[in-house]
Amino acid sequence: MGSLTFWDVTIEFALEEWQCLDMAQQNLYRNVMLENYRNLVFLGIAVSKLDLITCLKQGKEPWNMKRHEMVTKPPVISSHFTQDFWPDQSIKDSFQEIILRTYARCGHKNLRLRKDCESVNEGKMHEEAYNKLNQCWTTTQGKIFQCNKYVKVFHKYSNSNRYKIRHTKKKTFKCMKCSKSFFMLSHLIQHKRIHTRENIYKCEERGKAFKWFSTLIKHKIIHTEDKPYKYKKCGKAFNISSMFTKCKIIHTGKKPCKCEECGKVFNNSSTLMKHKIIHTGKKPYKCEECGKAFKQSSHLTRHKAIHTGEKPYKCEECGKAFNHFSALRKHQIIHTGKKPYKCEECGKAFSQSSTLRKHEIIHTEEKPYKYEECGKAFSNLSALRKHEIIHTGQKPYKCEECGKAFKWSSKLTVHKVIHTAEKPCKCEECGKAFKRFSALRKHKIIHTGKQPYKCEECSKAFSNFSALRKHEIIHTGEKPYKCEECGKAFKWSSKLTVHKVIHMEEKPCKCEECGKAFKHFSALRKHKIIHTGKKPYKCEECGKAFNNSSTLMKHKIIHTGKKPYKCEECGKAFKQSSHLTRHKAIHTGEKPYKCEECGKAFNHFSALRKHQIIHTGKKPYKCEECGKAFSQSSTLRKHEIIHTGEKPYKCEECGKAFKWSSHLTRHKVIHTEEKPYKCEECGKAFNHFSALRKHKIIHTGKKPYKCEECGKAFSQSSTLRKHEIIHTGEKPYKCEECGKAFKWSSKLTVHKVIHTAEKPCKCEECGKAFKHFSALRKHKIIHTGKKPYKCEECGKAFNNSSTLRKHEIIHTGEKSYKCEECGKAFQWSSKLTLHKVIHMERNPANVKNVAKLLNISQPLENMR
């Protein structure tokens, strides 16, 4: 590597560029250049103090503003003019001779200029010689370029040629690695270091290496511990003048650069200039590929990478690739786990300064970006731009496959993957494939078992940062996203977007198979799986298969038994946060969603929607086994289990199995005998809150559910449904052993025990055994001698509520069970069953069936 010169760390401006700078920017340029110069001298590196340093020290401009032909220094052949700009050696030599001959007229015949300065002393000699030369320049500047030939030569090969290259918009220097083009060779050389990862400038103190010399200079100041820039007000000292300036602004509160348009103030003029573009609305930088325009050229350059799809910068840690090196650098901080940027207000730390800046706005509550249409204000410009799209309703990015349109190109890119069945990103651990590398990366964390992101509030750990962020909202309870239509608020904008569809009646996504329409494409995609019959997501624990991964994940929680979401009101715990949210509505008693048809109110909009189907009379979900139709798919799914007979949820205490996990949960309470839910009216306690709620209706005396057949009213809809079966006479639940049919599955379950001699439930008090735990529980009351169930009519007390209910019928005299054969009525269904035997006896063919029906072996004569 050749000897380092001052020009290696020099910032250059063309004449026209210098004229564009304001006073503050020119002063900043002077400070930076002089600081670089002082640093080089301090390090003992030979520096030739050329005219630029002389001008800057004297406070003069580095450009002669009177004559546009003038350049930073007289046209001396210095190291600054590289071979790139002198293609012909003879022209270079002759040009030097012309200049020297011209200066000889002033008496400086022996003036000699060296190409490079090899020491500091030579640099001083060169400076003295140059000062003399500069004197000649001022006296003869009107004569030097009299000859047009020499003016043309100068303009062709001078430093100003670099500026001309920029205006031609030609980028002649191309990187062979990533095809990026540059105006100047020096920029290409700097860029190449990114690919080579070459750190040629090494610190002798610690051995740390840097790509650029300017970064090394800044780094070396750390080792000197010299902090010459001290602010008297707070006593704080700094290595760099720019840090001192920032500190000063904090204390004084002065921001010298103010926008005349909106009054916003900035620390420096360059930021102000960028800001001013917002008000002009101009977007001069246009993409030739898609026509999208940008306010800054850097934004256009970034955008172009989208069309090429090229991501040359790859992370060695996780393999993720990026369009830009800056994005890779930001990403790499994640792997270090460092968060050097701390908020002084709340102490929260961040990995990037930009994220800290965004966060700090929260404490100031400043929202300078206001939308004129609706008056809504935002803390940052990007949020304002996103909001603007809501009002315009524009969706310029359209999917060619299904016609779905999007507001942002990124959303379209994500959507396109849906149409391709390709999953190129495969997990080496379990073989699972993904469409995107980001999804694979998230999945891989599962195998490591690591959960590095911990909640400070409840110590719950997460495998990714986004999951932690979502979780933290639970503790704050904040719901910033509000629906303008119904006022409902949400924690996340995505939930609000999904909710808004409810208010629209449009269902653009239609199933070609069955014609069913959906509001979201995602819902249609899930629906289509039903037609294929595929269930690719299988539970490793129990072998149960599912249509989608989300259902499988929910199912897996059953096996863990974890219930992390707890109600603060009653202590009840839930497996999912959504279930807790639903539960909370019970305590508030609020029912904002009302049915216009019948006036019934609901806690959730989904419950209202399900209810409204009842009024339409539609039952689109049909059972393929028995043809029975249902208004909801969930009810159909529950019904289908009847035919399969599957009971995957088993009680570890008594071995009883259930079709649904909710039933198992309810059952488990029996073994604990805990009854935390107490009625304030009568003191009766219950295992479940739902049982207490049902009980409370008794005290109100209300019976809103009426039977259309006989006019009998009930306090609960479930009781009405059970009652209606009496009139239909339907008995869908049949015993495979003896053929006996039942109206309810629970009755069939109880009946099945008859065929088995097994009695697993034994009384510890007297040794009596029972087939059902419920029978044992009833029996145990006998030993206590308690009779908590009392008849209000006659005062008679009973061990259990069912016996009390049977007794109460005596006082009412009601006989709801009627024989279709002879019209005779009975108070209990069991009596009606016995009575029916009389009619069946007349037909000898039915005798065997009657015996089976009643599960008896004795002659029927004995029963009359």
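Note that Cβ sites are derived from N, Cα and C of the backbone, with glycine treated the same way.
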Quiz item: Which one of these stretches, 87-109, 133-155, 593-615, shows up in Swiss-Prot as zinc finger?
Solution: 593-615
Quiz prompt | zinc finger per Swiss-Prot - which of 38-60, 705-727 | solution = 705-727
Quiz item: With the zinc finger (313-335) as the reference, which stretch in 425-447, 761-783, 817-839 has the largest tally of C-beta pairs below 8 Å?
Solution: 425-447
Self-check item: Remote residues contacting the zinc finger (621-643) - C-beta distance under 8 A, at least 6 residues beyond either end
Solution: 610, 613-614, 659-660, 732-733, 745
Exercise. Restricting to the domain 'KRAB' (4-75), report the mean pLDDT as a whole number.
Key: 61
Quiz item: Under DSSP, the zinc finger (621-643) has how many residues in helix, strand and coil?
Solution: 11 helix, 4 strand, 8 coil
Quiz item: In the same chain, which residue numbers or ranges, 6 or more beyond the ends of the zinc finger (761-783), come under 8 angstroms Cβ to Cβ?
Solution: 654, 656, 670, 750, 753-754, 799-800
